[in-house]
Amino acid sequence: MQKYHVCIIGSGPSGERCAIECGTNGFKTLVVDKRERKVGGVSLHVGTIPSKTLREVILDITGFGLSFYLQKKKPEPKELTLENLYKKVGAIINCEQDVLEARFRSKNIDVLYGEARFVDKNTVEIFNSERNTTYTIKADKFVVATGTEPRRPLDVPFDWEFVYDSDFIFSPKNKREKLPESMIVVGAGVIGMEYALMFSALGVNVSIVDRKNTIFPYIDNEINRYLLDIMMSMNINLYFNRNYKEIGVKEGKAYVVTTKEDKIEADCVLFAQGRVPSTKNLNLEKTGVKTDQRGYILTNEHYQTDNPNIFACGDVIGYPSLASTSYEQGRVAARALMGLPIHSHNPHLFPFAIYTIPEIASVGKTEDELIKENIPYEKGIGYYHDVSKAIIKGRRNGMLKILFNRETWEILGVHVIGDQAAEIVHIGQVALEMGAKIDYFLNTVFNYPTWAEIYRIAAFNGINKLTCDLPEN
Ligand SMILES: Cc1cc2nc3c(=O)[nH]c(=O)nc-3n(C[C@H](O)[C@H](O)[C@H](O)COP(=O)(O)OP(=O)(O)OC[C@H]3O[C@@H](n4cnc5c(N)ncnc54)[C@H](O)[C@@H]3O)c2cc1C
Ligand SMILES: NC(=O)c1ccc[n+]([C@@H]2O[C@H](COP(=O)([O-])OP(=O)(O)OC[C@H]3O[C@@H](n4cnc5c(N)ncnc54)[C@H](O)[C@@H]3O)[C@@H](O)[C@H]2O)c1
C-alpha cells in the first residue's frame with residue numbers, strides 16, 4: 001500500500017492545477033483518473049479542447065463568416081470528412097496530453113489509472129479494468145475533482161450512430177462514417193448551441209429544441225438578439241418553448257416528437273440537456289462529505305468539504321462549471337490543504353465565453369441586473385463594421401456594449417459578440433477590476449489598428465448620450 005500527502009481524484013483542469021501546486025510545494029502527490037491511460041479530464045478529451053479545436057478547424061476550412069472578398073473557396077469534399085476532422089482534433093489532443101504528462105513528471109507527480117472509490121476517510125481503492133487490478137492508497141488529504149458526465153435519460157435511445165451526446169459526437173466511438181446532412185440538437189445550452197452553430201457552418205441543416213424561450217437567459221438581451229439574427233440568416237430552425245416528447249430512430253433516420261407535437265426528422269440527434277456530477281460511485285457516504293440533492297459536493301470558499309481532510313473542486317461542485325474557473329479552484333484548494341496563504345483577485349468577477357459562431361463573451365452586470373438593482377446606468381455600443389481591424393480581417397459581424405454608471409461613470413459590465421470576443425472582453429475585465437471609468441477609453445492610447453479600438457468607439461457612443469460632465473472624483 002502506498003502513502004501520499006495528497007491524492008487527487010480526477011485530472012481535469014481543477015485536478016491538474018491542484019496537483020501542480022502541490023507538486024511545486026514538495027507535497028508527495030498522486031493523481032488518479034479512470035480515463036484509460038489519459039490525463040486531462042473531460043476538458044481535454046471530450047469537452048473544451050476538442051470542441052474548440054473543431055470550431056477552429058471548421059472556421060479555417062470553410063472560411064465561414066468572412067467578408068466576401070476574403071471568403072475561401074468552397075471546401076473540397078475530401079477536407080470535409082469526419083475522418084479528417086477527427087485527425088485534426090486528435091493531433092491537438094495528443095499534443096496537449098504530452099504537455100500535461102511532462103508537466104506532471106517535472107513536479108514528481110505520480111499518475112495512476114483506474115476508478116477510485118473511498119474505503120474509509122483516509123483510504124481509496126483504485127480499480128484498473130485493463131489490468132484487472134485494485135490498488136489501495138492512503139493519503140493525508142484527498143481532493144475530489146471528478147467533474148461531470150452527460151445527463152442520459154433512460155427514454156433517449158443513445159446508439160452513437162443516430163443519437164449522440166457531446167462525449168461521443170467527435171469520438172472514435174462515433175459509428176457514423178459520413179458527415180450528417182441534417183441534425184436535431186435537443187437542449188440549447190452552451191454545448192448544444194456551440195455544436196449547433198459549428199454543424200450549421202459546415203452546411204448541415206440544424207434544428208434546435210429547447211424548453212426556454214430565449215437562447216442564453218444569463219447573457220445580455222441585445223447580444224442574444226444579435227445571435228438570433230445570425231442564426232436566422234443561417235436558416236437554423238428553432239423549436240423553443242417545448243421539450244422533447246419522444247426521440248427515436250426509424251428507417252435509417254432519427255426523429256424527435258416535441259411536446260407541441262412537431263415531428264422533426266434528421267440524420268442524427270445531439271442530446272445536450274445538461275450534465276450530472278460524477279459522484280455516484282465514490283462511496284462519499286463513508287467520508288462525511290456532503291452533497292446537495294443533485295449530487296454536487298458542498299464546500300466552503302476554500303473548497304474544503306464537511307470532512308476537513310477532503311477537498312472538492314471543479315465541475316463536481318457545480319456553478320460556474322468552466323475550465324477557467326476550475327483551474328483557479330484547484331489552485332485555491334491546493335494552497336488551502338497545504339496551509340499556505342491564498343491570494344485571489346475578486347473571485348466573483350470572472351468572464352464567460354461562449355464559442356458560438358460568432359463567439360460571445362461577457363463580464364460584470366447585464367442591463368437586466370442593473371435594472372433589478374436600481375442602478376442608474378448608460379450604455380455605449382460599438383459595432384465591428386466601424387473597427388479597422390475587423391474590416392481588415394473580414395469579420396464585420398459583431399458588437400461590443402459597455403454598461404457604466406450614469407452618475408459616477410464607473411464601468412459596470414462589458415458584453416461582446418463577434419470574432420475574438422473571448423479575448424476582447426479581457427480589456428473590459430481589467431478595467432472593471434481596477435474600478436476604471438468610461439472616459440478611460442477616450443483618454444488612453446491603444447495600438448491601431450487593433451480590436452481594442454472598439455472600446456473607444458463604444459465609450460464615445462455612451463458618453464455622447466450623457467448630458468452631464470465627468471464627476472469630480
Ligand atoms: C463539450 C464541452 C465544451 C466545453 N467548453 C468549454 C469552454 O470552451 N470553456 C470552458 O471554460 N469550459 C468548457 N467546458 C467545461 C469544462 O470542460 C469543465 O468546466 C472542466 O472540464 C471541469 O474540469 P474538472 O476539473 O471538474 O474535471 P473534468 O475535466 O470534468 O475531468 C474529471 C476527470 O475525473 C475523472 N473521474 C471521474 N470519476 C472518477 C473516479 N471515480 N476515479 C477516477 N477518475 C474519475 C474523469 O474520467 C475525468 O477525466 C466544456 C465542457 C464540455 C462538455
Ligand atoms: N464555452 C463554455 O464555457 C462552455 C462550453 C460548453 C460547455 N460548458 C459547460 O458545460 C456545462 C454543461 O453544458 P450544457 O449545455 O450541457 O448544459 P446547460 O445547463 O448549459 O444547458 C442545458 C440545456 O438543456 C435544457 N434542459 C436541461 N434539463 C432539461 C430538462 N429536464 N428538460 C428540458 N430541458 C432541459 C436547458 O433549458 C438548457 O438549455 C455548462 O455548465 C457549461 O458551463 C461551457
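Glycine is no exception: its Cβ is also placed from the backbone N, Cα and C atoms.
Just so you know, TrEMBL annotations never went through curation; they're auto-generated.
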NAD(+) site partner of Gly187, Ala188, Gly189, Val190, Ile191, Gly192, Met193, Glu194 (as recorded in TrEMBL), chosen from Gly114, Gly252, Gly274, Gly288: Gly274
Cβ neighbour count (within 10 Å, all chains shown) around Met193 (NAD(+) binding site): 25
Candidate nearest Asp315 (FAD binding site) in space, where candidates are the binding-site residues Gly187, Gly189, Ile191, Met193, Gly274 and distance is Cα-Cα: Gly274
Where the C-beta lies under 6 angstroms from ligand 1, the matching binding-site residues among Gly187, Ile191, Gly274, Asp315: Ile191, Asp315
DSSP helix/strand/coil residue counts for the domain 'Pyridine nucleotide-disulphide oxidoreductase dimerisation' (351-456): 36 helix, 33 strand, 37 coil
Taken over the domain 'FAD/NAD(P)-binding' (4-330), the model's mean pLDDT: 93
C-alpha spacing of Ile191 (NAD(+) binding site) relative to Lys52 (FAD binding site), in angstrom: 11
Max CA-CA distance, Å, over listed NAD(+)-binding residues Gly187, Ala188, Gly189, Val190, Ile191, Gly192, Met193, Glu194, Gly274: 13
Local backbone state of Gly187 (NAD(+) binding site), from DSSP in three classes: coil
